[in-house]
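A quick write-up on the structure given underneath.
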């Protein structure tokens, strides 16, 4: 008997075994695609600009229901750009029906499926494959038809043990189809979700202070901060309160905010608390870097704008020539989102990220537009000089906190893959050794904070931290990977499982004297951030013996921290066949990173963990294949 995730009160069990289709309505060609009752979505307190005559005429010409559309909170100029015949297909989809409707529609759709009145196959295609992303549900039609990835909102990457156990319970009923990933935004993506369970999961998230709303498509993505915020001896500020306050303002405390849900493209926001820049501000659309104002001595933020990766362009952020007080952070970001919403391009999604607007307007004009929205002037960037060189710290391992007698333990989660049992084991570890909380990192790892000195030995001996090593090998600890072809239809290569196998073999063959950050990404969208790594591997075409095969581009030289640099393309068209890729990587590790061949073929520290974790990561693959 397979039971759906329970909330309070408990939801009734659904009589369906994992992986079966029991209880479903077979798809028939004659059944019309279903949608649910149409309604307007409001954003309390947000102003709806009056319709211009030009917009009203265009709506009438195209037969668009204004209240149902995503045009409601846009300026009239933005409305006309969205309604233009040259606007993208996604703009036309939003014009027809705003994705914010899915915040309520998902409940009705799930109920219809449970009641046997429809099936996911018979629902409106745009609702299933596009608009459900506004509720955090991503349909992987090509890879796992009928199953969804659910992306959460976890500002600053914080989770409690109760939340961890609930997330494990969400995917446990799906057996081999259920797994999860820690992402490069210190977030969680649940896999294997069926639509008939989605409303109960969403309600369970809400009861535990979490949400999946506004986590996909043209919304602000998870807000990143420092994974050691509040416990870091070197931080200038605890980023957690600002990350949560900003997330609450953008999402209306997780309920969804229709006024900010139809941006031209997604927006990434990072808040950095120290010279380490754990949030990677240089590759965020909006980066807020903490500095101490030389005039007042107060900590505020210099603004960076425009960093992003895509097929079209890869660029680091530039100075926004703005300094914010802590009190200005939330109103500034809301004003920036409104300016982006009303002025950003809607005719080419490859030229619709924030950088393109900043460049088109100019930094000064962009800042002035934000000032006008805020109703106040903003200070220019504060210039701070340092006499020393600050090396970005590795948060994995055991480290003393700012609080005397307490430590944090940073554990490597190989390739960021988690199974249902891992969530429960992490929750138990957080309760047993720490304060019942964990932090996620943008390197897809986990931190257990507030561990007393006397519990450190027991923590390191715990079976969980044999699989998720606190002292992993120098490749395993630096491994980052996107989802890859196992679940993502855009990926040109499988990443996670292959990356783990490559790491296992390289660590068995080489002594690697320092951390080497190896980033794998399946396609040029670079969700795995290949341009950030010491070594980056990006899925790309290749040939072997004259035949097209899976391949990668290799990037070298990415730097993170105080003086970041993007990696440069080093080589392209390398087949991922181990007989070719492994020697290339081995040579690079020796020539560029000081690795030396081992005298005896004994596994390096952490290599066995990589091997066992690789098997764990592969477990869900059989069902997905």
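All residue numbers here begin at 1 and follow the chain in the order shown.
Quick reminder: no glycine exception, Cβ is built from N, Cα and C everywhere.
The stretch that TrEMBL tags with region 'Disordered', taken from the ranges 574-599, 600-625, is 600-625. Mean pLDDT, taken over the domain 'Nitrite/Sulfite reductase ferredoxin-like' (399-462), works out to 98 on the 0 to 100 scale. Among 141-207, 217-377, 399-462, 217-377 has the largest number of CB pairs under 8 A with the domain 'Nitrite/sulphite reductase 4Fe-4S' (473-574). Mapped onto DSSP classes, the domain 'Nitrite/sulphite reductase 4Fe-4S' (473-574) shows 20 helix, 38 strand, 44 coil.
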